[in-house]
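Here is the structure we will look at, set down as structure tokens.
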Amino acid sequence: DKATDPSIPEENWECIQRFCEQVNADTEGPLLALRLLAHKIQSPQEREALHALTVLETCVNNCGDRFHSEIAKFRFLNELIKVLSPKYYGTWSSDKVKLRVTEVIFSWTVWFPQEVKIRDAYQMLKKQGIVKEDPKLPEDKILPPPSPRPQNSIFDTDEEKSKLLARLLKSSHPEDLQAANRLIQSVVREEQEKSAQVSRRLNAISEVSENVRHMDELLENYRRQELSSADQDTLQALFQRCEKLRPLLFRLASEAVADDEVLAEILQANDKLTRALGQYRQVVSHQ
């Protein structure tokens, strides 16, 4: 609270430093810190939100890999996205706070290129038109980048391919260099397919949330018999679209079985969808 106190115009660096020390000292420090910071960043008080973003950036610089691992999870990234999205707090968050949040997420795509979820979250914001263009990172306002971390090569997860590539690149034979080029291209294609899978998943989950929200509103009006014929058509179209989304979610779940966090997110979306479809059948058939 002291580090993000909105009554203080300037940052309280002593408190921010103590906060970082506490994060590093506690086993659950990064997880707990990000819960607290997410709440403060979503504050309707502009100065409190901006102070919290300064604390967040300072933690990124001083709290190491455990903290970096937590900021790269959808659980926290979604809290930042809510500040920008008009579906959540974007309608009343100040432009200054939204710009700063955009700068923070974009800077992480530069500093942590190996964190796919950060990159995909940022690309989703651009695709939805929430972020129109990449922000220009003002050097005088940006904290120095985090201490260097090993850059994850796309070959890091496959030791055999990594060794083969190293051997081919050292060769002076043209055919070996051509083989190295083909190997790089095939791995890049694999990475692009993984990225496309993530985009499909994010878009599907986002569509489920929006459709379910809209269906809930229309069903409530339907119960009161206050639904126009046009809205009844919309409700039926939403029901049909949601039915088509279910097999898509099952397919996405089968692709994500190795990632517990992602699988849980898909299953949660499926639960919302199942509930909404059940509500529709119950209300409409009853009427």
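Every residue, even glycine, has its Cβ placed from backbone N, Cα and C.
TrEMBL: automatically predicted annotations, no manual curation.
Averaged over the domain 'VHS' (3-133), the predicted model has a pLDDT of 88. Taken from TrEMBL, the feature domain 'VHS' applies to 3-133.
Helix first, then strand, then coil: DSSP counts for the domain 'GAT' (158-285) stand at 115 helix, 0 strand, 13 coil. Taken from TrEMBL, the feature domain 'GAT' covers 158-285.
According to TrEMBL, the region 'Disordered' annotation covers 135-155.
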